[in-house]
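Colleague: I'd like to ask you about the structure that follows.
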Ligand SMILES: NC(=O)C1=CN([C@@H]2O[C@H](COP(=O)(O)OP(=O)(O)OC[C@H]3O[C@@H](n4cnc5c(N)ncnc54)[C@H](O)[C@@H]3O)[C@@H](O)[C@H]2O)C=CC1
Ligand SMILES: O=C(O)CCC(=O)C(=O)O
């Protein structure tokens, strides 16, 4: 099932659980526009419109789950950033910004990094946008800190994944320490999640990225791996682990907790039966196909869904936007403490919906997000 069909399906299931009127449901699909829209810009060869639409819809529910005052958005360019020089990337980003500068804005749509983009991309967008509209740091988040970016935004999605994992494990009387993790993707999200989990005593037994996959049943030395990746631009060739020939098979490696942190749709009916993890923390967007959801649920695997698990990034993006508008910078401790509070509250709210609707965590998160948007929609008198 493609990403859009899967996201629409989850939305419809949540709407049924909430007993929403079908007219309201239709309204939603036409008007997912509460507050400024927020979401990342992706540069990846597989970017296509249906997937971007699905990712934008996921942002709507994610920002509602996180309880931050935004609607959802996403953008993307079908290109391979690894094949482009820095100056080509800069020109591509500036031309893209020239095309969209009237669509984005501090109170309309505020982009941020996603796969294949980062602080430098945001700096170029900010600079190009400012040529048309004057200097406006709040028009993008995830900027370099020298240009008004928030302390802690770089690590925020990975840190949010850590807080979300701690909240889930706490339900089972467990902590990070001693758990065995497998992480697919070692970019912004995967590498920060690995670093923070390692610092808490978690054992990362396998990681992969586009260059390859490596494993070590005793636990990978993450600080050395980070150094290797910085120098070699990939995990391939790391001496502290054994290489895995088929890097996609990392998803079925033996572990307690699997963290997909790269592409969508990677957990599907082809591999779901072979997954050995007891918990899946969705750091990537839409990593699990609905068919896999069903198979895994029958196996008793607990999945912490993307719209909650990876919401740390957009939450700190919100903090960045607030700081830019107020013209007052927070210290990193404040950012991280606030992030912990949002992630902890989010988990409690999702669990409450699971109890109310007798559903799993994905539907708990979807009903939470959809219900918050539904309440706002009705209050504005848009239900008919
Ligand atoms: N950056 C952020 O703040 C947020 C990102 N996400 C999601 O997290 C995921 C990762 O995003 P980022 O870390 O920002 O991207 P990134 O571009 O920094 O890193 C992506 C990583 O995935 C790897 N990768 C690409 N194709 C792969 C493949 N076929 N097999 C294994 N690894 C592969 C790359 O080599 C790289 O290590 C995406 O799904 C994104 O939408 C979600 C919330 C916020
Ligand atoms: O930080 C943001 O505004 C958006 C992050 C994002 O693209 C996501 O959560 O998928």
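Cβ coordinates come from backbone N, Cα and C, glycine included.
What TrEMBL records for 74 is active site, proton donor. Feature annotation from TrEMBL assigns substrate binding site to 38, 62, 317. The NAD(+) binding site annotation in TrEMBL covers 157, 188. Annotated site 'Important for catalysis' per TrEMBL: 114, in sequence order.
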Colleague: Have a look around residue 157 (NAD(+) binding site) and count the other CB atoms within 10 A of its CB, chains all included.
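Modeller: Residue 157 (NAD(+) binding site): 28 neighbouring Cβ atoms within 10 Å.
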Colleague: Check the DSSP secondary structure of the residue listed as 'active site, proton donor', expressed as helix, strand or coil.
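Modeller: Once the DSSP labels are grouped into three classes, the residue listed as 'active site, proton donor' ends up as coil.
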Colleague: By a simple count of other Cβ atoms within 10 Å, which of 38, 62, the binding-site residues in the record, is least packed?
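Modeller: Taking 38, 62 as the binding-site residues, the minimal 10 Å Cβ count falls on 38.
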Colleague: According to DSSP, folded down to helix, strand and coil, what is residue 157 (NAD(+) binding site)?
Modeller: helix
Colleague: Identify which of the binding-site residues 188, 317 has its Cβ surrounded by the largest number of other Cβ atoms within 10 Å, counting every protein chain shown.
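Modeller: Of the binding-site residues 188, 317, the most buried by Cβ count within 10 Å is 317.
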Colleague: Around the substrate site formed by 38, 62, 317, which additional residues qualify by having Cβ within 8 Å of the site's Cβ center?
Modeller: 39, 59, 63, 66, 68, 70, 72, 112, 311, 313, 314, 315, 318
Colleague: Just how spread out is the substrate site if you go by the largest Cα to Cα distance in Å among 38, 62, 317?
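Modeller: Looking at 38, 62, 317 as a set, their Cα atoms extend up to 13 Å apart.
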Colleague: Can you tell me which of 38, 157, 188, our binding-site residues, come within under 6 Å of ligand 2 at the Cβ?
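Modeller: Listed by sequence, the hits are 38.
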